[in-house]
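Step one of this worksheet: look at the structure below.
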Amino acid sequence: MSEHKVYPVPESVAARAHVTQAEYEAMYRRSVDDPEGFWAEQADRFLDWFEKWDTTLDWSFEGDVHVEWFKGGKLNVAHNCIDRHLAEHAEKTALIWEGDEPDQDQHITFRELHEQVSRLGNVLKERGVSKGDRVCLYMPMIPEAVYAMLACARIGAVHSVVFGGFSPEALKDRIQDAEASVVITADEGVRGGRKVGLKANTDKAVDQCPSVHTVLTVRRTGGDIGWNDSRDVWYHEAVEAASADCPAEPMDAEDPLFILYTSGSTGKPKGVLHTTGGYLLYAAITTWYTFDLQPDDVYWCTADVGWITGHSYLVYGPLANATTSVVFEGVPSYPDASRFWEVVDKHQVSVFYTAPTAIRALMREGDEPVTKTDRSSLRILGTVGEPINPEAWEWYYHVVGKEQCPIVDTWWQTETGGHLITPLPGATELKPGSATRPFFGIVPALMDTDGHVVEGEGEGALVITRPWPGQMRTIYGNHQRFVETYFSAFKGCYFSGDGARRDGNGDYWITGRMDDVLNVSGHRMGTAEIESALVLHDAVAEAAVVGYPHDVKGQGIYAYVILVKDAEPSDALRKELVNLVRSEIGPIASPDAIQWAPGLPKTRSGKIMRRILRKIAANELDSLGDTSTLADPAVVDELINNRVTG
Ligand code: 6R9
């Protein structure tokens, strides 16, 4: 079975890598035996500080839960990602933008990046944005998205990037929660030849957001858009008129850098808050070691800036290391299934980082779209976002990487800021499907259902027992929810929400979410959010949403819908429900299957037994488990008989 396959570290990779296996072991031991000494050293090595910190670490994972790194230290993220590189690398390419159409691209040097970010910083200041104010970004994958993140960091504003695929309703919720005063967007985004009306969506959202006084719009397509003189400003006009002299604001290491909304198992998305010093250090050091960065790398992370991977591994991590980072506007299938590999050849990409769902989708198109390209520039391959099945791993390794490139399967989360469990190219034997070993300073543990630590080989809830610099500090505006969500399940530990197995060699295998969070094409979604959208429809009395295995998406969305008494099920109603979810959340949350249900399996105390709903959706009918505690066991047979295929 491929699970047992092991790929040793090739001699050639180990010989020039930043760390070998022995070095990893020694450095890991040091990082957990003397975390403060270790991280203080790394903070000096990876970052440029205006003023040294007073206290390296102050923390508690119990009671008054708090985590502070490098308190009192002063630095600026934009200075670290741009200014300090100018002396040696002003003319080096910082960003390569690859447009949706293969004939569109642009190289932006660190000098140009500095000018663009400084001008935009001044525009924001002129519009009244100051330190600590929130700015919302709702943008396509264009260089201005990176400028905007760094411009906020430069002046000490807190950015909140909202993925361009979210609906106006979802955008509105996020702007309101953060009380953003400015939104930066584009007239339209372009993906796979199709246009997305970002400004039109912004207008709909902002009409319900009294906190917003300015909408800055980048002209991307020149398409028709609405205009409101009292709040709309063209990005290019404002930037041209602004000064290019914008000093980087000295920030405390613990000042907020950004908010990023992510889904949990209950309620509305949470504003995950990351701060300045610890986050940047962790993004920088993980990018360096996980991808074994070399000075002439062309590094391409295909994630959108709307997700944490786009923050840490497209913008902050690579730029902090003065690495050339590719920004891709399009999709893997446009104009055809060779696009990724054509772009790799065109820009001579050496490090390539993508999601299992993209690999699986491309694998279905066969080998030819890959093998007709050269790809000899590739050195390291990475994956992120969901467990990678061994078949997809092997295809990525043999066909895409021609058995020349180690694959780093990086496990981490929006909350963790950067990689927690991942192979390092020169140090780790690879096992298809395993995220392998903890990164420096990370102390994972597995817990059984009684809250006891599982020692050695075994399976359990994956927790982290010690603080690390990149971890989130709070949920914006709701510290209590932060404590309850992450620190209440297992006393004194950060609970990730994932389960994992540790094998006899100490390698970790992530088994997936243990809570009601779905992972659809690497996009994280709460079942509760989708259920809330469905019950907004007058015809719907109750809804229960679960995930089920899906060949390409990893998980598909299966919705059980109970109609009100007089409503009739129909295809038209099914369509209305899908549209409702699209408009409340976005197309990524559209249910793949909707089953009309007479009722739901509930315990006598009224709790929905989701375990049973998951089994039915997955068509695993032999393993339904105990149904004797149900209030009405007959409902299960009805659900099985009317199961739909997604
Ligand atoms: C970075 C990111 C986090 C959830 C996480 C887990 C899943 C991410 C994974 C993985 C197995 C990997 N996940 N990477 N599962 N192997 N290499 O994806 O953040 O969007 O917050 O999702 O994604 O379930 O808990 P986020």
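Just so it is clear, glycine is given a Cβ too, placed from its N, Cα and C backbone atoms.
Curation does not apply to TrEMBL; its annotations are automatic.
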Margin query: With G385, E386, P387, D409, T410, W411, W412, Q413, T414, R513, R524 listed by TrEMBL as ATP-binding, which of these, D374, D498, D503, D538, is given for the same site?
Written below: D498
Notebook entry, point to check: Which chain-mates of G192 (CoA binding site) that are at least 6 residues away have a CB under 8 A from its CB, listed by sequence?
Noted result: D100, G330, V331, S333, Y334
Note to self: Within 10 Å of T309 (CoA binding site) (Cα to Cα), which of the binding-site residues G385, T414, R513, H537 do you find?
What the structure shows: G385, T414
Notebook entry, point to check: When the Cβ positions of the binding-site residues G192, R194, W412, S521, V535, H537 are compared with the atoms of ligand 1, which fall under 6 Å?
Noted result: W412
Checklist line | Cα-to-Cα gap, R194 (CoA binding site) vs K607 (N6-acetyllysine), nearest whole Å | finding: 43
Check: For R513 (ATP binding site), what is the secondary structure state per DSSP, taken as helix, strand or coil?
Finding: strand
Item checked: Distance, R582 (CoA binding site) to H537 (Mg(2+) binding site) (CA atoms, angstrom) -> 13
Check: In sequence order, which same-chain residues at least six apart have a C-beta under 8 angstroms from V540 (Mg(2+) binding site)?
Finding: L534, V561, I562, L563, V564, A567, L577
Next item on the list: If we count other C-beta atoms within 10 Å, could you say which of the binding-site residues G193, G385, P387 has the fewest?
Entry: G193
